[in-house]
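Trainee: Here it is, the structure, as structure tokens.
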Amino acid sequence: MPVRKKKGRASTDLDEAKAPADDEALEPTVKRRKEGAAESEDIEEQPKSVKKTKTNAEKSIFPRSETPRSLEVANDKQFTAISWNVGGLRPTLEKRSHLLKLIISTECPDVLCLQETKLQEKDLDWATQQLADVAPGYTASWNCSEDKKGYSGLVVLVKGGAAMQSAPSTKKQTSIAGFFKAGKDKTDGAETRPKEDSECTAADKSSAALPINISKGMGEKKHDGEGRIMTLEYDAFFLLFAYTPNSGDKLQRLSYRIEEWDTDLWDHLKELEKRKPVLLAGDLNVAHLDADIWNVEAKHIAKSAGTTPQERGSFSALLEKGYKDTFRHFHPEAHGCFTFWSVRAQNRPWNRGLRLDYFVASNNLFADSIDGKQKSSPSMKDAWIMDEVVAPQGDHCPVGITLNL
């Protein structure tokens with residue numbers, strides 16, 4: 001059984017504190033730390049790919065707080081979920097599959113959601129076979145953009161697919177092979193049969209850690225054509241993965257983002273919460289607090305996608321409805337803890353970034369703040385940022401949470 005190790009992170013990069021457009025091509029890489037190195041210690045403060053110009057020589061690394069991880073041994077009473085915007089699944093699988101293997105081997109997640117896959121349905125057979133090699137013992141469910149090719153999209157990898165397949169579902173779920181044999185028959189998450197279990201997936205898990213249903217979209221036609229949402233229903237909670245629309249370089253989608261997407265998604269969460277507690281995870285394309293923006297005092301911040309007062313205020317409105325930002329719950333004073341760094345500005349080596357990726361959870365998934373007693377089962381155990389797994393010189397890194405079941 002793997003041990004969940006303390007994951008210290010030191011970050012690096014972002015000159016323009018502005019999220020990229022959804023269709024910007026981005027590719028991931030990894031930055032590792034020496035065994036036993038301190039959390040704030042970087043192996044490579046200035047990668048070879050960053051030119052040693054006079055401007056770079058004058059830059060300083062934005063400091064990052066230490067955010068200690070739980071050192072508990074993984075067990076079947078815990079549930080771990082990870083979210084990562086990969087900025088294109090094809091290049092990730094073709095050139096950087098070792099990053100996915102790294103995440104799975106070190107964290108052994110019960111579910112891993114990859115956003116911005118940029119795949120079409122015709123690509124899923126190939127991608128499924130690649131994922132079977134990278135993540136044996138996992139089952140893949142897909143949501144592709146139908147409105148625009150090579151755009152957005154999600155895949156959810158669930159550990160222990162056989163149990164998931166046999167669980168009751170409100171809509172038919174089929175294997176990937178069946179998906180293509182059926183021609184135009186579209187399902188609520190095309191599943192793939194994984195290979196034999198790896199060491200990570202061999203351990204028995206509680207049935208509470210397996211979803212009983214997987215669906216895509218939020219039931220609103222105006223939103224669901226871009227392949228941005230997948231919802232996993234578990235015995236005791238809902239886990240909704242979302243890739244929130246970017247407001248655009250000129251904020252051309254800001255009105256849609258705030259007045260339609262956010263409003264409808266928040267209402268959708270409240271409907272789900274009438275049945276069970278809810279977790280919302282993914283690239284939510286907003287840097288909520290000043291501490292989530294490296295250059296918050298810059299004049300362009302209020303006019304940049306992801307950092308406008310409207311987007312930040314909308315996220316505040318969600319939290320006021322009875323939710324918590326899990327990372328901020330465990331690390332309320334942390335600074336320099338980012339999940340996105342601009343590729344164009346080469347900001348990763350300097351930890352000039354934004355925190356755009358989240359796990360947001362219903363208040364009743366946390367211990368009582370007054371008497372310390374657990375309000376419900378499950379309850380939130382840990383939340384972290386994996387900023388040693390990044391795109392070349394920047395972009396997004398994975399984020400994760402652990403629940404006690």
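Placement of Cβ uses the backbone N, Cα and C atoms for every residue, glycine included.
Annotations in TrEMBL come from automatic prediction, not curation.
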Trainee: Given TrEMBL annotates Glu116, Asp283, Asn285, Asp395, His396 as Mg(2+)-binding, which of Asn75, Asn85, Asn351, Asn363 belongs to that site as well?
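Mentor: Record source TrEMBL; matching candidate: Asn85.
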Trainee: DSSP on Tyr243 (active site), three-state: which is it?
Mentor: coil
Trainee: What Cα-Cα separation, expressed in whole Å, is found between His396 (active site, proton acceptor) and Asp357 (site 'Important for catalytic activity')?
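Mentor: Rounded to the nearest whole number, the Cα-Cα distance is 8 Å.
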Trainee: With every protein chain in view, how many other Cβ atoms are within 10 Å of the Cβ of Asp357 (site 'Important for catalytic activity')?
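Mentor: Excluding its own Cβ, Asp357 (site 'Important for catalytic activity') sees 25 Cβ atoms within 10 Å.
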Trainee: Under 8 Å Cβ-Cβ from Tyr243 (active site), six or more apart in the same chain: what's there?
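Mentor: Those within reach of Tyr243 (active site), by Cβ under 8 Å and sequence separation of 6 or more, are Asn85, Gln115, Glu116, Ser152, Gly153, Leu154, Arg228, Ile229, Gly282, Asp283.
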Trainee: Provide the number of Cβ atoms within 10 Å of the Cβ of His396 (active site, proton acceptor), excluding the reference atom itself.
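Mentor: Looking across every protein chain shown, the total is 29.
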Trainee: Round to the nearest Å and give the CA-to-CA distance linking Asn285 (site 'Transition state stabilizer') with Asp357 (site 'Important for catalytic activity').
Mentor: 7
